[in-house]
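The structure under discussion appears below in the form of C-alpha cells.
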C-alpha cells in the first residue's frame, strides 16, 4: 500500500533520470506551494473558531435565548454542531472525489456562512441549534479535504510542517474565538457579533479558492493530464514537472478505472489501515480534549479561577504545542510525536485526577488542576492534535484516500459527540 502511494516530493527526486541528467537538481522550492497551504489553512482556522466560539458566549447566549441553567440545552448547542460534522464528514470523500479539492473547500465554506448567519440572528434555542447544525456540516467537510489537499500539493520534505500549519491555524481559530468572546459578558448581544465575525474568513475561502491550484492527483485521475502538468508547474517549477507526471502515471496506473466500494474499506485489504486510523481518531477524542475546548470557562469558574485569564493560558499552551509540532514534525517523525504526546497527556490527566482527590487540599488543588489542564493542552497540540489527519493522508493510497479519510473522520465526530 505504501509502495503504491506516491507523494509529490518522491516524484521530483526522479526527474534527473527521466531528463537524462546525471546530477540531482535538489528539492523544489517550498515557497511555490506555501501560499496555497495558507489558503487551505483558512478552513482549519474556521474549524477552530467554531469549536471555541461557544466557550465564552454560552452564558450570555443562554440568557438571551431563554435556556439559562438548562444544562441539557447548553450541551445541545455544542453537540448539535458535532452531529452536523458527522454528516458532513460522511460525504466529504465523495465530494472531494466528485468535484475536486478546490470546489470541496468552497462547498465547505457555504454551510459555515449560512449557519453562522442563522446563529447570529437566532431568536430562540431552535434557531441556534439549526444554525449550529449547518456550521457542523461545514466543519465535517473541511478537515478531511484539508488533509487531502496538503498531502497532494506539498513536497514530502516539508509536508509534516505544512500539515502542522493546519493545527496551528486551528489553534489560532480557537484563540480568536476566545478573544472575540471576552466582551460577551459585559456587552449585551455581543455573542451575535462573534458569530457574524466568522462569515468574513469563510467568504474569503470561497473567493480565493477560485484562484488556487487544484490537486494534480485528482486532475490526473479524472483524465486531465494537461491540467495536472500545469498545476505541477505552479507548485514545483518547470524542471520537476516531467518527472512528477511520469511517477504519477506509474503510481496510479489502473486506479483511475476502478470505483472504490465501501466494502473494500471494511472487508478488503485496506481494512487494517482504516481500523488503525479510526482507532487513532477515537482515542484522540476519548482523551478528554473536548472538555477543555468546549467547557474550559465553566471548569475554571467552578475552580475559582477567572475564566478570561485561564482561557488565555489555554490558548498560549495550545499555540506553543502547535509551534513545536510545526518545527519538529519532519525531524522527529509522526510516530515519535504521537507516543510523546499521548504519554504527556496521560501524565497531565494523572495530575488532574490527583487534584480532585483527597490527597491534596487548599491552594494546591487549583495549581494542580490548572497546571494539569495546561500540560494536557500543550502535549495534545504537540502530536495527538496534528498527527492523525496528516499520517492517514500519507498512509492511504490515492485511489481510496478521500473515502477512507471520510470514514475515519466520521468515527472522529461520533466519538466527539
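Each Cβ is built from the backbone N, Cα and C atoms, and glycine gets one as well.
Small disclaimer: the values here were computed from a predicted structure and weren't measured.
Noted in TrEMBL for the protein shown:
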type: DOMAIN; residues: 36-417; note: domain 'Major facilitator superfamily (MFS) profile'
type: TRANSMEM; residues: 33-52; note: transmembrane segment
type: TRANSMEM; residues: 72-92; note: transmembrane segment
type: TRANSMEM; residues: 128-150; note: transmembrane segment
type: TRANSMEM; residues: 162-184; note: transmembrane segment
type: TRANSMEM; residues: 190-213; note: transmembrane segment
type: TRANSMEM; residues: 273-297; note: transmembrane segment
type: TRANSMEM; residues: 309-329; note: transmembrane segment
type: TRANSMEM; residues: 336-354; note: transmembrane segment
type: TRANSMEM; residues: 366-392; note: transmembrane segment
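Between the transmembrane segment (309-329) and the transmembrane segment (366-392), three or more CB pairs separated by 6 or more residues in sequence fall under 8 Å, so the two stretches touch.
Taking residue pairs at least 6 apart in sequence, the transmembrane segment (33-52) and the transmembrane segment (162-184) share three or more C-beta contacts under 8 angstroms. For the transmembrane segment (33-52), the partner stretch with the highest count of Cβ pairs under 8 angstroms, out of 72-92, 128-150, 190-213, is 128-150. Confidence over the domain 'Major facilitator superfamily (MFS) profile' (36-417), given as mean pLDDT on the 0 to 100 scale, stands at 85.
The stretch in closest packing with the transmembrane segment (336-354), judged by the count of Cβ pairs under 8 Å and taken from 72-92, 128-150, 190-213, 273-297, 366-392, is 366-392. Outside the transmembrane segment (190-213), and at least 6 residues removed from its termini, the chain residues within Cβ reach (under 8 Å) are 36, 39-40, 42-43, 45-46, 49-50, 53, 56-57, 60-61, 64, 102-103, 105-106, 108-110, 112-113, 116-117, 119-121, 131, 138, 153, 177, 180-181, 183-184, 231, 234-235. Here the transmembrane segment (366-392) does not touch the transmembrane segment (72-92). Their Cβ atoms form fewer than 3 pairs under 8 Å, with each pair 6 or more residues apart.
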